[in-house]
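Visitor: Annotated region 'Disordered' per TrEMBL: 1-24, in sequence order. Taken from TrEMBL, the feature substrate binding site applies to ARG89, TYR228, GLY229, GLY230, SER279, ASN394, SER395, ARG396. Residues or ranges marked as domain 'Phosphoenolpyruvate carboxykinase C-terminal P-loop' by TrEMBL: 253-610. Look at TrEMBL and you will find ALA280, CYS281, GLY282, LYS283, THR284, ASN285, ARG396, ARG427, PHE523, GLY524, GLU525, ASN526 tagged as GTP binding site. Annotation comment: TrEMBL describes CYS281 as active site.
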Amino acid sequence: MAIIEQPLRDTRTSTGAGHPEGADPSIVAWVERLALHATPDEVVWCDGSTPERARLIRQMVDAGTLEALDPELRPGSYLARSDPDDVARVESRTFICSAREEDAGPTNNWVPPSAMRETLHGLFRGAMRGRTMYVMPFAMGPVGGPLTRYGVQVTDSPYVVLSMGTMTRMGAEALAQIGPGTEWVKCAHTVGAPLAPGQADVPWPCNKTKYISHFPETREVWSYGSAYGGNAILAKKAFALRIASAIGQDEGWLAAHMLLLKVTNPRGRVFHVAAAFPSACGKTNFAMLQPTIPGWTVETLGDDIAWLAPGPDGRLRAINPEAGFFGVAPGTGRGTNPVAMDTLTHDVVFTNVARTDDGDVWWEGMTDEAPAHLTDWLGQDWTPASSTPAAHPNSRFTVAAAQCPTISDDWDDPAGVVVDAVIFGGRRATNVPLVAQARDWEHGVFMGATLASERTAAAEGTVGELRRDPLAMLPFCGVHMADHWKHWLEVGAKADAAGGAPAIFQVNWFRKGADGRFLWPGFGENIHALAWMLDRIEGRAEGTASPFGLIPAEGEIDHAAAGVDDATWAELFGLDKAALAAEADDAQAFLDSYGDKVPEPIREGLARMRADIDEL
Ligand SMILES: Nc1nc2c(ncn2[C@@H]2O[C@H](COP(=O)(O)OP(=O)(O)OP(=O)(O)O)[C@@H](O)[C@H]2O)c(=O)[nH]1
Ligand SMILES: O=C([O-])CC(=O)C(=O)O
């Protein structure tokens, strides 16, 4: 990643900003209009080469936005501390501005596009004064691939440029792909902190007012006021999920909040698995799983987003449209995710973690014992006696996917990989078993549609509170959620007709015992559940019926090998009739909130579950 300095040499555009030769006129015109309106001091087009990354980093170190870590301990790595009010996605300030309210649906904040445009027009006027506007053409997916899509983001945040350079294929190659007739997604971003002449900047400029606004029909995202993660790296949740779910609905493919992994069993058979867990519920960890059962290997293709589209033979194939990981730091340690730790040894940007006295980073869960003294994410002294965490619970690392030691050879295959299994999972202290298989695609979509999870620190809200998070897409669906379910059903029916839709499963690594402790060790031991799923696909395991679908039959998972005793194993699959009936009531109320838009197979899924519960 780097910036082309095409600095203002070409004065053909009315702002005086130059643009790279060959840039599609539609992009040039859009950039020019934005520049005239937001009035940055200069416009710089990014080309994706490396020297400018270094220049940007130097500039951010000088500005205090980044602190260099000790190059011996963590070469090429930096620490950013955000504004304390700009630490996570802001769902309450996220809007889907479809032309018709019913196309946004009850789970999205909707504002009529004309009203939102007027608001944004006002906010963007002069918003970049005193700053540089960077123009970043980018590809989601391997450049030139059949499933790949293009976008252009402008931003006045160098931190966002650096992040986009890691998270996407950004720069000249992507720009060269955008020609007349190429659909490209417009992503406009400002931190909303114009500088008066002579006014000193702050390390993390942002604005208390925030808008993350999406216009699905015109394929646009406008983001104001935040420089953090999914609010500002618009290629990620905004484009690759919210806008892409609208594009996919029009074109017959699925944008999914899913990790993608490749697993090889002891007999050498290879499977590709896509798994949807809500934010901060274990996608990165599962994508980097280190199997504790000998003979199995897991390789990583993606940790957050997958696009699933019918291939030439009609089977569903998936790509990871991203090029990097924006992962949760806390909880990541040698014991839980050694692969992530090995990925993070160099060239990483950490945000809101703690700094050690010798110039390295630390976060809760990295080591069993905290260092005796740290500088916390707020820049203050911290000791183990402190009552607040040293790293923010949503502190993150940004790192290139290619740096991951378990990255699979086919992670950037433009044609994608055939998906054998789809998994849904959430954080559920109660009720939901460790693993279950859906009876068929329709039942699986029911499982996904009624998925619930306890809130995490990845977004504002009360951590721990249970909410329905259909397909792990609640905050990321750019269309009416019930239309999205219908679309899932249709895509699956087509894949079935073409020789086999993926098998669907549900998992829950987070069930708790009466003492509040997790019943399942998780992490590398999750291979036990994964192996059972793939054994099911191969016909090597039978399973046994439950209200959740098929669960492992006695002896099909060697739970003792995972360090789980018989009583705990029974608890992991425990069925409490009254609690399950309440669960079904809750799912019913949730589905009812969508009125008659709920597809029949999903209603039937719930009716069957109720009947199964009654029989317990
Ligand atoms: N108990 C338990 N915790 C887990 C497991 N897998 C992940 N976690 C914890 O869950 C938190 C989030 O894990 P990630 O893998 O980063 O979650 P993610 O879904 O990729 O998060 P996003 O980047 O927000 O989408 C971390 O603190 C992990 O340590 C597991 O199998 N068991
Ligand atoms: O989008 C973000 O800010 C971080 C992220 O991956 C998520 O919340 O799922």
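Numbering starts at 1 and runs along the chain as it is shown here.
In case you wondered, yes, glycine gets a Cβ from its N, Cα and C as well.
Could you place the listed features in the three-dimensional structure?
Guide: Under the three-state DSSP scheme, GLY229 (substrate binding site) falls in the helix class.
A strand conformation is recorded for ARG396 (substrate binding site) in the three-state DSSP classification.
Other Cβ atoms within 10 Å of the Cβ of CYS281 (active site), summed over all protein chains shown, number 25. Mapped onto three states, the DSSP output places CYS281 (active site) in coil.
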Visitor: Quick one: largest C-alpha distance among ARG89, TYR228, GLY229, GLY230, SER279, ASN394, SER395, ARG396, binding substrate per the record, in angstrom?
Guide: 15
Visitor: Given the recorded positions ALA280, CYS281, THR284, PHE523, which one's Cα is the least distant from that of ARG89 (substrate binding site)?
Guide: ALA280
Visitor: So the record assigns ALA280, CYS281, GLY282, LYS283, THR284, ASN285, ARG396, ARG427, PHE523, GLY524, GLU525, ASN526 to GTP. If I measure every Cα pair among those residues, what is the longest distance in angstrom, as a whole number?
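Guide: Max Cα-Cα spread across the GTP binders: 24 Å.
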Visitor: What residues, ordered by sequence, lie under 8 A Cβ-to-Cβ from ALA280 (GTP binding site) and sit at least six positions away in the same chain?
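Guide: Non-local contacts for ALA280 (GTP binding site): VAL328, ASN394, THR456, ALA457, ALA458.
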Visitor: Provide the number of Cβ atoms within 10 Å of the Cβ of ARG89 (substrate binding site), excluding the reference atom itself.
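Guide: Its Cβ shell of radius 10 Å holds 24 other Cβ atoms.
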Visitor: When DSSP states are folded down to helix, strand and coil, where does ARG89 (substrate binding site) land?
Guide: strand
